[in-house]
Every structure is written in C-alpha cells, then in structure tokens.
Amino acid sequence: MPMFIVNTNVPRSSVPEGLLSELTQQLAQATGKPAQYIAVHVVPDQLMTFSGSSDPCALCSLHSIGKIGGAQNRTYSKLLCGLLADRLRISPDRIYINYYDMNAANVGWNGSTFA
C-alpha cells in the first residue's frame, strides 16, 4: 500500500504528463510491491518556502506497510529526489521526504484493513 505524497510550489502547468504513472512504476520496482497497491498524490501550486526562498521545493511523504528503514530509505531518497529533480526541476537539496512504516491494522482498504 505504498502512498507517496508530494506537496510542491511548482505550478500545475509544469507537472509533466505521465509523472504519476512513472512514480507508480518506479516505486513498485523499488519497494517490490505491486503497482496496483501504490497511490501517488502530487499537490502542485502550494504556497511554500524552503530555506526562506520560494524557489521550487517539495515536502514529501512515503507511507508503506514494511519496506521502510535506513538503507531502503536512502535508496528511495536517491530515486525520488532524482525523479523530482529531472521531471519538476526541483533541486534535491530543496526536497524533504518523511518515511512512515505503517501498521497493517491501521491502514484501511476495500472495506477492511491490510491486517
């Protein structure tokens, strides 16, 4: 159930077609989880600053049941910062990603939970 959320001040008009699909496929490969369970939410046009500057930036979160930890998170950071830099022109040093290892009982889906 990985869920990747990107809040950014990049305008909607600068979000390329296919970005959400690309993030879905890349996260499926990186996490080893089926693409059918991956959710991606990009929220453009946000009023944001990073280091006191309104240059392009992003505040992100990746939630997953398992597959979250030190070495894995470094791999995800490299992948996701690279994609956001390439596709949205956000410098990797202007991106924060918070990682959340979710308890399966606390994640609802399809009328139940993953527990």
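Cβ coordinates come from backbone N, Cα and C, glycine included.
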Site co-member for substrate according to Swiss-Prot, given Lys33, Asn98, out of Ile65, Ile90: Ile65
Candidates Pro2, Lys33, Ile65, Asn98 (recorded positions) - the one closest to Lys78 (N6-succinyllysine) by CA: Asn98
Coarse DSSP state, helix versus strand versus coil, of Lys78 (N6-succinyllysine): helix
Integer Cα-Cα distance in angstrom, Pro2 (active site, proton acceptor) to Asn98 (substrate binding site): 13
Recorded positions: Lys33, Lys78 - member with fewest neighbouring CB atoms within 10 Å: Lys78
Candidate with sparsest Cβ neighbourhood (10 Å radius) among Pro2, Ile65, Asn98, the listed recorded positions: Asn98
